[in-house]
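To start, the structure itself, in structure tokens.
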Amino acid sequence: MRLALLALRLMCLAWLWPVTQLNSSTFPKKRRHKELHIGENTKLKHGDTKRVDLKMKKLDSTKSLLIKSEQLLRIEDHDFAMRPGFGGSALPVGIDVQVESIDSISEVNMDFTMTLYLRHYWQDDRLAFPSSSNKSRTFDSRLIKKIWVPDVFFVHSKRSFIHDTTMENIMLRVFPDGNILYSVRITVTALCSMDFSSFPLDTQNCSLELESYAYNENDLMLYWKNGNDSLRTDEIVLSQFFVEDFQPSFGLAFYSSTGWYNRLYINFILRRHIFFFMLQTYFPTMLMVMLSWVSFWIDRRAVPARVSLGITTVLTMSTIITGVSASMPQVSYVKAVDIYLWSSFLFVFLSVIEYAAVNYFTTVEEMKKLKNAKIPSSFNANQAMAFDGCFHDNDIDLPSFPEGTSTPNTERNTQSRNSTVSAPLEGTRLRRRKTIKHNLNFIMSNSYMIDSYSRVIFPLAYLLFNILYWSLYA
């Protein structure tokens, strides 16, 4: 019985095996058909988007075979180590400059720093390419090293660099006919030979010079692309200068070993602001000179006051001169500010010398009076101070000196003088010409008059000096 059941099971399995294989081969096809059906439905739902993507792919020329720069411009087919038209006439290269800013001007280093856009225009038939729309192609700095570009450099340049934030500021635009625009943003520090003979009332003429380094006038001809309109500037505001004029010009430079080269000039005129130096230099100097005149109104006996005032003004003038000299280049000629400062220093120094002369003459006058006069025993030192010249003798109450005994010699001299001097005739007038020595003796005997004259002479002389100075340099 058990054997019969086992045989029946085996027969059932043998009968069901082909059916199982048939179903396994049929269901995957249905599954694939279902997935295909779902995918077609999805395409139908998003058909518009797919059509736009397909259209963009057709318009995107980067997917074509010619988009590679080397293939588009046929760079591999030419030797770009040689200039265009090598062996023929000179290649014209137009230059166009836009000055963005003048960053700094240094009098000590005699240079200026300028940021500008430098644009080159030339034609290279080797880079011509077919185009149905006649549109140009723009590239960045990665293509510059594979083609020929003009080797323009800045003459008398100290430092220069191409801006590279966030990428190198270089643009290359190629037109279908082979015309090329090459633009670069540069900051350059160049030499400017300045003349400080009128500083700070000066006007400086500076220039930035452009020239080809390797190609002379037989190979490359530099010229301004649009004449005087080739130089454009933004609004430039400087702290110490007015920018009066920007002007392009052209010239030739000769080198004995290589020949003549075309050179382009960017000329600009700088006029200095004077107000800063008026506040920092001229006004303080004027005040120091005027302060030195205060000593003329101080009593001559106040020696500490007048001496300290004179020394203070002298030291202050020395400090001003040192500060101005530290901010200027060490030139071998005299500047306008030097003339003003040293002349003012001379006025201050003379005011100190004036008091020294007053003090000396006063002392000499006292010594003469004390020597010639017979001082009584009651004449003390406090009364001797009256002879310093500050007051007139008749303004001071002094005890009368005892009359000296007359001698025969004095009487004889008095009689002889009375006999020789006769009264002048009626209608006549005696005139005595005063000599220079007499005037000096008069001033020495009246030393207080030196201060009186100085109160007038010093201001008038300084005023005359200022009139001449500003009329000459302003």
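Backbone N, Cα and C define each Cβ position, glycine as well.
Just so you know, TrEMBL annotations are computer predictions that nobody has curated.
What TrEMBL lists as signal peptide is 1-22. Positions annotated as domain 'Neurotransmitter-gated ion-channel ligand-binding' by TrEMBL: 75-273. Residues or ranges marked as transmembrane segment by TrEMBL: 274-295, 307-327, 339-361, 453-472. What TrEMBL records for 281-377 is domain 'Neurotransmitter-gated ion-channel transmembrane'. The annotation region 'Disordered' is assigned in TrEMBL to 402-424. Per TrEMBL, the feature compositional bias 'Polar residues' maps to 403-422.
Long-range contacts of the transmembrane segment (339-361) within its own chain (CB-CB distance under 8 A, at least 6 residues past either end) are made by residues 281-282, 285-286, 288-289, 292-293, 295-296, 300, 303, 306-307, 310-311, 313-314, 317-318, 320-321, 324, 389, 443-444, 447-448, 450-451, 454, 458, 461-462, 465, 469.
The helix, strand and coil residue counts that DSSP assigns across the domain 'Neurotransmitter-gated ion-channel transmembrane' (281-377) are 78 helix, 0 strand, 19 coil. Nonlocal intrachain contacts for the transmembrane segment (453-472), taken as residues 6+ away from its ends with a CB within less than 8 angstroms of a stretch CB, comprise 289, 293, 296-297, 336, 339-340, 343-344, 347, 350-351, 354. In the predicted model, the domain 'Neurotransmitter-gated ion-channel ligand-binding' (75-273) has a mean pLDDT of 92.
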